[in-house]
Each structure stands twice: as structure tokens, then as C-alpha cells.
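One structure is given here, and the rest of the page talks about it.
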């Protein structure tokens, strides 16, 4: 009898456990956000935690986590729950898929709602203790906008719209329109720091905003961005196709490199598109993106192709040019105003050569001070025609370890191989977009970096859209310049921790070269220190270089300004 009783007790416990799982569903991780008392920093931390949670077990490309593909994720780890609470205490819980950051369902007030194309995995494991309802539309933007009878550009975002959206979803009202609010303020903001920054500003100022053309084009092209980044490979900036964004005025902007894409969008996380080729420095050559944006090569290695062609922008915004357009062996390379002429068009091949007019960029010797010329690819020494182009903006001859350098900032300056001191005179960008990006630089407490004249420090002030002192020109030589006086550069006054950052005349120095890291830091490559609001105290009016900590006083976002 004891054996039978024990068996019955075991059966009861097992059934109870099974029933409990059936009622409760899987205990998925949860990342919550409460509007009541929320500040900009609260929202920042919420998105940071959400990114970390969905990125568990991922690898990185250019410092950005690549979300896992469906085949790599067990059901018990497939979703993250995101409870959102409004000012009245109503809570709606979103279910977010860790493979793509999509909102796949939500619950509130003992009800749950699934899109009409919901999978059995979603319905069997999410909100199973609620009354499950199926919506008449899917979760893509076209369907949501049709169901809402409005477009995203007409829907306000910010604390008040989020408050109203939570109320509506809690009661099952205006579902499509409300989802358009929460999806952009949660999923899209997790994908793009630009969108995060827009929401943070609205929280700080208690205002609302509508998405602009640039923001909407980001949302529509996350998949193609992810593909271009993964196909280029780790530690590589140039893309092999382009990402088509829109400017604020709805004109097209074709982005062809990671550095520019990051400065414009602040992309923070990648959709898995294909397995990147293993590489550190070498440029890889993939196929152009074809088909609609949401189709991807799940599980396939990125396909390679032979070449792509770009300008090379360097010191003072001048381009690498074959002198006088001559294709004679030994013709030197020089700086010259950027254009579309064939002697400024450089083809990057999969054999690590860089070619113009059918000839190879060639080191005329492998010693410090050797000049760089074009030469017949078949007869030049092989170690003189090989180049690496890492993401930091150097162009390196790997045999010598020397880098391409522009010793003067003037047209007709002959380019040389020199020791790599991470100078601005050694910074380059491979792109067809030869003009500098003009942007504000937003940092600690949503304040803007401000210039205060030559030989003076920079510091933080409240952002003002019309302030010329807060407008910066981001050059291809990796300098940050005062937009109204482009001969002045952001400069670290030394390379030691706590050295001040000031404004000096641009001289191509290592102290004037900066790298916008994908973790939000702005790095001086020479010192390896980052731009830092001293002691997290804006009233000190001191910006310094300091070892990287990842703290908020070292986090920066560029906000591109209308041209």
C-alpha cells in the first residue's frame, strides 16, 4: 500500500507540475519599464537590459551582437517578456522574439492577443493562462498601418503616446495603432540608438514627436543593414552593396560603409543574415542584396564576389588621386579635391589589391618614407601591392606594417608609407559619399558637446538645434571639426588619462583622430582612451580622455543634422 500511495503521490506531483506549466507557461526572462517616475536614464537602462537579454549567447561583428537564428534557440529561451506600466498602473506585457526583436504577442487585463499568422510555438508557450485572442492582421508595418488606418509618420511617440497606447492595449482598444507606438519605442529603439535618443529626449522634455523620414527608413532597412555588415565581416568598414536610407527631406542617401551607417543610425544589434567569413583585417567581397528586405540566408555562409569600387577620402576631405590621371607605371598617388574622375576610382579586389585605371596601388619600397604609386599588377612585387583596410581607418601594407600617410594637407601632396602613429594624416574612409557628415554629438544627461573657440576646451550644454557651436563636421580622415570653422579640430591635449580635450587648428595629429566605437564610446586610437565627461559632472565644463568604463558619461550618439 505504501508503494501504491507513493506512486499515486508521484503521479499527482507530476500532473500538478504539468498543469502548472500549462497554466503559467514557460518562465521566460522579463525586462520591465514603468512610465511612472521614468527618466531618460531609466529608459536607457531598460533598453540596455533588453539588448543584453536578447543577445545572450550571440557572437559579434564590429562589436555588435548578431541575434541567434531560430535553429539555435530552444523554445524555453525563445522569448523575452516586456511588461510596460503606465501612469495609471495598467500593465501590458509584450512577448519579444529573441531571434529578431519582433513583438509577437501581448497580454493585459487577463487577455492576450496574437497576430493572425502566429505560430503554434507562440500560442502554446505564451500567455497560456489568459484568454487568447487572434487579431485580424499580421505584425508587419504594412498590415499594422492598414489596420490602424494611418501611417507611422502620423503617429506621435513619446511618454504621453506610450501611456495612451498601454491603456488601449490593456483594454483591447485601437490595437494596431497602439502597437505601432510600442513597437517603435521598444523594438526599434533597441535596434537603433538614434531612435533611443529621440525617445530619451522626449522623456526628458516631456514632449512627443513623430518619426521623420530618416527614422522610418532605418526601421525599413534593418535587415539589409545587418546583411551588409555581416557580409563585409568583422573589423571591416566598407560595404559591397549599399543601404538605402532617406534624408530628412525624403531624398535618397546610399550608405556604403559601416562608419557612416553607425554615425547616422547608431545601429546597436544585428539580425542574423548569414555567417560572416572569418577575417580580421582583409576586405571580403560579397554579393549585392537582392529581393525584399525581410528575406535572408538563414544558416548560410555569406556569399563572396570579386570587387567593389569607391573613392578614398583622407586628410582635410581630399581624395586619393593618381597624379594627372596618368596610368604610367610609377605615377605617384596624391591628394586632390574629390570628384568622379577615373583616377580617383579605386577597385578593391578579393586578392587584397586596390586598383585604379587597371593598375595596382603599389608601395615604391617598404621603408618608412617610401612613396606610393600605381604600377602594373603583374610585374610589381607582390608584397608591395597588398593592402589591409581595418575599421579604424588605416590603410596598411601588411608586409611592412607601414600605413598610407598624407604628410601635408594640400592638393598635390604625394602619399607616403610611414610608421603608424594613428595620426589624422593616416586616417581614410572608403566611400562614394565624400562630403563630411554634419551632426550634433549628444552625450551625458542628453546634453550636447559644444565648441568654445580655438585654444579653449569643449563641454556640455543643453542642446539647441540652431547653435553653431554644437554643429560638428565628421571628416573622412577621422577628425571632428567645428562645422562653422572647419580648420579647427577636436584635440586631446596629451595622451594621458584626464588630459583635457580642446579645440586647435587641424594639423593631422594623432591627438586629432577619433573613432566612433559601436559601444557608444568615442576613442582616440593613439592613447586608447575615450571621450569622458569629467567625474560625470557637467558643471565642471571639462571633457577629458579617460580609460573606457562603459559608464553613461562616456556614451555618445551622433544626430545627423539636416543639410
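Placement of Cβ uses the backbone N, Cα and C atoms for every residue, glycine included.
Per Swiss-Prot, the feature signal peptide maps to 1-25; the stated evidence is experimental evidence.
In the three-state DSSP assignment, the secondary structure recorded for residue 188 (active site) is helix. Per Swiss-Prot, the feature active site maps to 188.
Annotated N-linked glycosylation site per Swiss-Prot: 221 (among others), in sequence order, evidence recorded as sequence analysis. A coil conformation is recorded for residue 221 (N-linked glycosylation site) in the three-state DSSP classification, outside any helix or strand.
Residues annotated as repeat '1-alpha' in Swiss-Prot: 316-356. Residues 238, 282-285, 304-310, 364, 371-377, 379, 385-389, 395, 404, 406, 408-415, 428, 430, 434-436, 475-477, 506 of the same chain sit 6 or more residues outside the repeat '1-alpha' (316-356) yet have a Cβ under 8 Å from a Cβ within it.
Taken from Swiss-Prot, the feature disulfide bond applies to 319-338 (among others), supported by sequence analysis. DSSP assigns residue 319 (disulfide bond) to a strand in the three-state reduction.
The annotation disulfide bond is assigned in Swiss-Prot to 360-377 (among others) on the grounds of sequence analysis. The Cβ of residue 360 (disulfide bond) lies under 8 Å from the Cβ of 353, 354, 374, 375, 376, 377, 380, 385, each on the same chain and at least six residues away in sequence.
The N-linked glycosylation site feature in Swiss-Prot is assigned to 368 (among others). Contacts of residue 368 (N-linked glycosylation site) defined by a Cβ separation under 8 A and a same-chain sequence distance of 6+ are given as 402, 417, 418, 419, in order along the sequence. When secondary structure is read from DSSP and collapsed to three states, residue 368 (N-linked glycosylation site) falls in the coil class.
When secondary structure is read from DSSP and collapsed to three states, residue 376 (N-linked glycosylation site) falls in the coil class. Taken from Swiss-Prot, the feature N-linked glycosylation site covers 376 (among others).
Among the features that Swiss-Prot reports, repeat '1-gamma' is placed at 400-432. Secondary structure counts, DSSP: the repeat '1-gamma' (400-432) has 3 helix, 11 strand, 19 coil.
Marked as domain 'Ricin B-type lectin 2' by Swiss-Prot on the basis of sequence analysis: 434-559.
As annotated by Swiss-Prot, repeat '2-alpha' applies to 445-482. With DSSP states grouped into helix (H, G, I), strand (E, B) and coil, the repeat '2-alpha' (445-482) comes out at 5 helix, 13 strand, 20 coil.
Feature annotation from Swiss-Prot assigns disulfide bond to 448-463 (among others). Cβ neighbours within 10 Å of residue 463 (disulfide bond), excluding its own Cβ and spanning all shown chains: 20.
Taken from Swiss-Prot, the feature N-linked glycosylation site covers 483 (among others), and the record attributes it to sequence analysis. The number of other CB atoms found within 10 A of the CB of residue 483 (N-linked glycosylation site), across every protein chain shown, is 20.
The secondary structure of residue 506 (disulfide bond), as reduced to three states from DSSP, is coil rather than helix or strand. The disulfide bond annotation in Swiss-Prot covers 489-506 (among others).
Taken from Swiss-Prot, the feature repeat '2-gamma' applies to 527-554. Under 8 Å from some Cβ of the repeat '2-gamma' (527-554) lie the Cβ atoms of residues 41, 44, 443-445, 447, 449, 457-460, 492, 495-501, 514, 517, 519-521, all in the same chain and six or more residues away from its ends.
Here Swiss-Prot flags 537 (among others) as N-linked glycosylation site. Take the CB of residue 537 (N-linked glycosylation site) and look out to 10 A: across all protein chains shown you find 12 other CB atoms.
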Beyond the flanks of the repeat '2-alpha' (445-482) by 6 or more, those residues with Cβ under 8 Å of it: 40, 197, 200-201, 204, 263, 313-317, 392-393, 406, 424-425, 427-429, 431, 434, 436-439, 488-490, 500-506, 508, 512-515, 522, 533, 538, 540-543, 556, 558, 561
Listed disulfide-bonded residues (377, 448, 506), ranked by Cβ neighbours within 10 Å, top entry: 506
Inter-residue Cα distance where the pair is residue 483 (N-linked glycosylation site) and residue 338 (disulfide bond), in Å: 19
Which recorded positions sit within 10 Å of residue 188 (active site) - Cα, from 319, 448, 463, 483, 489, 506: none
Listed in sequence order, residues with CB under 8 A of residue 319 (disulfide bond) and six or more positions away: 311, 312, 313, 335, 336, 337, 338, 339, 344, 434
Spatially closest candidate among 221, 489, 506, 537, the listed recorded positions, to residue 463 (disulfide bond) (Cα to Cα): 537
Count of other CB atoms lying within 10 Å of the CB belonging to residue 188 (active site): 22
